[in-house]
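Listed in Swiss-Prot:
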type	residues	note
BINDING	Asp10, Asp350, His351	Mn(2+) 1 binding site
BINDING	Asp309, His314, His362	Mn(2+) 2 binding site
Amino acid sequence: MKRAIILVLDSFGIGAAGDADKFGDVGSDTMGHIAEQCDKGLADNGNRKGPLTLPNLSKLGLAMAGKESTGKFSAGLDANAEIIGAYGHAAELSSGKDTPSGHWEIAGVPVLFDWGYFTDKENSFPKELTDRILERANLPGYLGNCHASGTQVLDDLGEEHMKTGMPIFYTSADSVFQIACHEETFGLDNLLTLCQIAREELEDYNIGRVIARPFIGPGKGQFERTGNRRDLSVEPPAATILQKLVDEKGGQVHSIGKISDIYAGCGITKKTKATGIPALFDATKEAIEQAIEQAGDNTIVFTNFVDFDSAYGHRRDVAGYAAALEYFDGRLPEIMDMLQEDDILILTADHGCDPTWPGTDHTREHIPVLVYGHKVPAGSLGRRDTFADIGQTLAEYFETSDMEYGKSFL
């Protein structure tokens, strides 16, 4: 019985990539800078204090992978841990440092074209685009039309949105069109319908994602984004390993969290939504249990832990990011202990989002590639030239046809 469990620690980069200069990210290091701040006592809060403590990830080779990426061990991590898994770091071949590019490349399909972007900080969207969206949605107008932090824009425009019923349109350095609306005054269904209209109207702009950003709360300073976020992505430009597993092997791909949205549902046979790292962990364990009970051969359980990125990376919350990593590390053995003889566990990321870096955007970094299983030899996988090595490895593991990109590390 072959099963692969893929856990994406969204934004957990481990050192600047070789082409970071093209993105203004030379010197970025999500893991290293978090560890450094923790070691200096600058990341203490009510949930954690002191050096970054990740014993289970260190046993899988995280500290070693970080050293291979940057040339030095991250402060406080156990450099002498007994390694029980295969570890390495991967560079990104894709042209961007966004979520779809990273995930598609992990699944064997790098994004070699350039996404469309809304580069103007103010008046970001073409008038003909917003006019068509408003006309189709029968709305009187909109707010925003700018680059913005997702939480700041709620404080700035949330109350006006509630009074007027006008949605908040905003974007970022990523290829995204984001729409924020209040779940109660505007309605979640209305927001999702509006996002579908925007997705259709953006077809000619080559924008990667339309993101629904629902929120609740009575007023400024009290608004909170909910777990009902939706990402409306374009479809990958070629068959991913997920699609090949389903089409060629009759396999199962169980998506946890926003994975299904990222792949536009392509190659997904079952999806489970969950909000927050604890709930995502629980849902992942339940999916693994189901696969084992049903003797599910040729199965992938694929989880994205988005909070590392959305709640801590973009918000530049070092202490929150560190606490979340330590929570994740503490629960990791629960999944490791579930693995059967032929199962493999892959832990990785899709890009960086260094919480010590200027601004609020992603950072161009290497990602960790940690692989564990009863039949996986411990040791270094070295530097991988593309995230697609993961997809190619899965193609070899499941005996599908080869992916066009990547080299297997099995």
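Cβ coordinates are placed from backbone N, Cα and C, and glycine is handled just like the others.
Quantities reported herein were computed from a predicted structural model and do not represent experimental measurements.
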Non-site residues, in chain order, whose CB comes within 8 A of the mean position of the CB atoms of Asp10, Asp350, His351 at Mn(2+) 1: Val8, Leu9, Ser11, Phe12, Gly13, Thr99, Gly102, His103, Asp309, Ala349, Gly352, Cys353, His362, Ile367
Three-state secondary structure, which DSSP defines for Asp309 (Mn(2+) 2 binding site): helix
Cβ neighbour count (within 10 Å, all chains shown) around Asp10 (Mn(2+) 1 binding site): 25
Distance, His351 (Mn(2+) 1 binding site) to His362 (Mn(2+) 2 binding site) (CA atoms, angstrom): 7
Between His314 (Mn(2+) 2 binding site) and His351 (Mn(2+) 1 binding site), the C-alpha gap once rounded to whole angstrom: 12
Neighbours of Asp309, His314, His362 excl. site residues, C-beta within 8 Å of centre, Mn(2+) 2: Asp10, Ser11, Ser310, Gly313, His351, Cys353, Thr360, Asp361
Asp350 (Mn(2+) 1 binding site): tally of other CB atoms within 10 A of its CB: 30
Spatial separation of Asp309 (Mn(2+) 2 binding site) from Asp10 (Mn(2+) 1 binding site) - C-alpha basis, Å: 5
His362 (Mn(2+) 2 binding site) CB neighbourhood, other CB atoms within 10 A: 30
Residues that sit under 8 angstroms from Asp309 (Mn(2+) 2 binding site) by C-beta distance, when 6+ apart in the chain: Asp10, Ser11, Thr99, Cys353, His362
Where Asp350 (Mn(2+) 1 binding site) falls in three-state DSSP terms: coil
DSSP three-state assignment for Asp10 (Mn(2+) 1 binding site): coil
C-beta crowding around His314 (Mn(2+) 2 binding site), within 10 angstroms: 20
Cβ neighbours of His351 (Mn(2+) 1 binding site) where a neighbour is any other Cβ within 10 Å: 30
